[in-house]
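Data block below; observations after.
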Amino acid sequence: MGVARVVVSLALLAAVSVGQDAISAESTNFTLTADNMSYLFHVDTESGELISDHFGSPVDDFTPAAFVLPWGWHDNLANLRREFPDIGRSDPRLPAIHIQHADGNTVSALLYQSHEVTQGKPVLPGLPATYGNESDVSTLAVRLYDNVSDVSAVLSYSIFPKYNAVARSFSIINNGSSDIVINRAASFSTDFPNLDLDLIEVQGDWSHEFNRVKRRVDYGETTIRSTEGYSSHLSNPFIALMPPSTTESSGEVWGFNLVWTGSFEATTERFSNGFVRVLLGLNSLHTSIKVQPGESFQSPEAVALYSTEGVGGMSRSFHELYKNHLSRSKFTHQTRPILLNSWEGLGFEINQTSLVRLAGEAVELGIQLFVNDDGWFGEKYPRNNDSLGLGDWTPNPQYFPDGLRPYVADVNNFTVLNSSEPLQFGIWVEPEMVNPNSTLYQEHPDWVLHASTHARSLTRNQLVLNVGLPEVQDFIISTVSGLLDSANIQYVKWDNNRAMHELSHPSDEYKYILGLYHVIENLTTRYPDVLWEGCASGGGRFDAGLLHYWPQHWTSDNTDASDRLTIQLGTSLVYPPSAMGCHISKAPNGFNQRNISIEFRGHVAMMCGSFGLELNPEELTEHEAAAIPSIMAEAKRVNPVVISGEFYRLALPDYTPWPATQFVSADGSESVVFAFQQKYTVKPAAPPVKLQGLDPKARYFNDLDNGTYTGATYMNGGLNIQWDRADYQSKMIWLTKQ
Ligand code: GLA
């Protein structure tokens, strides 16, 4: 059967147009070619199986696969490097696709049927995804068919040559006459040969996001996952693989990231023959997705990319790909207004008078956008603390007797320092959630995620609305659009402060995330001029799915500048600094009482696209108040470079008391270095800060020692910084190309 299918498809090949450099399909040998990467797989013409050949530095030919002795229990498929492994036909490794058929069996034989190459990239209906035009990306769609069960699959590869990246997704079509159930769906899967590999992942928790963890890829299975319903603080849908010799700035790295906001699973499995299977997709505990006859399932997209410039090179490819081909907001490439957020300064102690006073104080400091955080809503259950009012999105009449419009007008009446611009106004919402103490919950107790009569477990005194339900989607769309129409609101912080617990069916989670995308697509399309910022108790949903719609995300509720260095540099493994929200908060810090200078706090915060303050200006010390004007000026100067430049992690806070980062402007004409001394030591001396990304032959002036040196000197010799004898010192150093 397999052979017959291949013969049919070979006849179709003549129809495939030629001259498509990024994708070549000679016979059924597929080569995806990027600037510095090749991705090869082929169809075994005997069986119709898809076989992985190569993913790495450029190669020119298909060569015979590694020979594995075919005796013993593991022969046939177990010894092949498979490109889209299914289950039940002699391969005991974890599958990318696991389908339960109507009669209960879970065996699949998805074999090659045909393929098609197109320029550009089709949209994934209802899902966030990378995008690009015909000169950016080419797409190979391979159709597979299971003759026994009448299920077909379309495996789609879109190659972005400039970024050495492949975006992959698949659909499953039920051509039969009974329901099928998808139990496992890995958007990306491939089998590496027997290579010595390390795995980098990020682990954390609330206020402790994105801690880099490295481990060896050993025999058996290693799974990183979230079963929280969201991408979560615990981990992130990202892993990277690399040989042990790879460093931050040199060596091979493969990075994998799922464009998805829900529960996920990333797995490496080293089999007895040494081959390493990589799987990245939905969490199988939250899958069980039914597909009816004639219907199809579309997986989210996963991005796999390759770099020979170390972990930093991988990160920069993700950043540039995501800035140019994932994030759709018009703000992505724009500098962001400096904001002041009311949360850490005032908490729930707000009313119109105190907020307008705060806005007036903010404007004196050079703030351009005033953000009213939590606490402004609720009538019967006024939001005086976190146990009340979520779901009732009407302004608290005791605080805002005439609604939001006149209050926002008062804020807009302030003029931004040294400009004629009005102070902008932004607001906090958490539309996917409800407190039991709310009118909404009393009217619609059935709208929350729950399972039968199990207790509905609370976190932060709240429950999760079932955003998979169309009536909940409509409620959120009409509530948020009603709010945006009610006053001149130019920014929204969309928060989400708990995980999903009880589900009536595991697939509720999947339907919820699709529902959420529908809601956000609708609102961001209707309000493209609103600057949307995601938040989930900090970085609980810092993921590529939401970055498709929203240009920025609050990075962590932990605003301690020292902890933030670890969190922000960890987040930058995948996501661009331009997408991070970072604020200066008060000292000593509310979390850990650390007393860090305002200059250090400022330098850490201005390494992010969205910089701001989150404190009560009345509590500033004299020194802090005096330092603010120059911090604001520095933040404004650096913001264009943070938004459009390239980012380098020069030294990591977990390995040295002297962490450092660097941005190089898009045109290469300037570069800025942020260097820190977290802990003063008598000995040893601080190491030189070796820069990256400069033109070795060009000369650059620096404002540290006012010297002019070549790029080679800065990169190979480095800058020596004379630090004060104190902890938590920082420097911002500008280099200007001569
Ligand atoms: C979450 C957010 C904070 C703040 C509070 C308000 O914790 O991460 O920034 O908005 O909610 O309740």
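The backbone N, Cα and C atoms fix where each Cβ goes, glycine too.
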Residue in Arg184, Arg225, Arg405, Arg460 which TrEMBL records at the substrate site where Trp206, Asp373, Asp374, Lys493, Trp494, Asp495, Asn496, Asn497, Cys535, Asp557 also bind: Arg460
Close in space, distant in sequence - Lys493 (substrate binding site), Cβ under 8 Å, 6 or more apart: Asn341, Val371, Asp373, Gly426, Ile427, Trp428, Val429, Glu533, Cys535, Trp554
Per-residue Cβ crowding (10 Å cut-off), top of binding-site residues Asp495, Asp557: Asp495
Among Trp206, Asp373, Asp374, Arg460, Lys493, Trp494, Asp495, Asn496, Asn497, Cys535, Asp557, the record's substrate binders - longest CA distance, Å: 19
Contacting binding-site residues for ligand 1, chosen from Trp206, Asn497, Asp557 when the Cβ sits under 6 angstroms of any of its atoms: Asn497, Asp557
Model confidence over the domain 'Glycosyl hydrolase family 36 N-terminal' (48-290) (mean pLDDT, whole number): 97
Secondary structure content of the domain 'Glycosyl hydrolase family 36 C-terminal' (658-735), with strand meaning DSSP E or B: 7 helix, 29 strand, 42 coil
DSSP state at Lys493 (substrate binding site), helix/strand/coil: strand
Packing count at Asp374 (substrate binding site) (other Cβ atoms within 10 Å of its Cβ): 23
Residues satisfying Cβ distance under 8 Å from Trp206 (substrate binding site), sequence separation of at least 6: His233, Ser537, Gly538, Gly540, Asp557
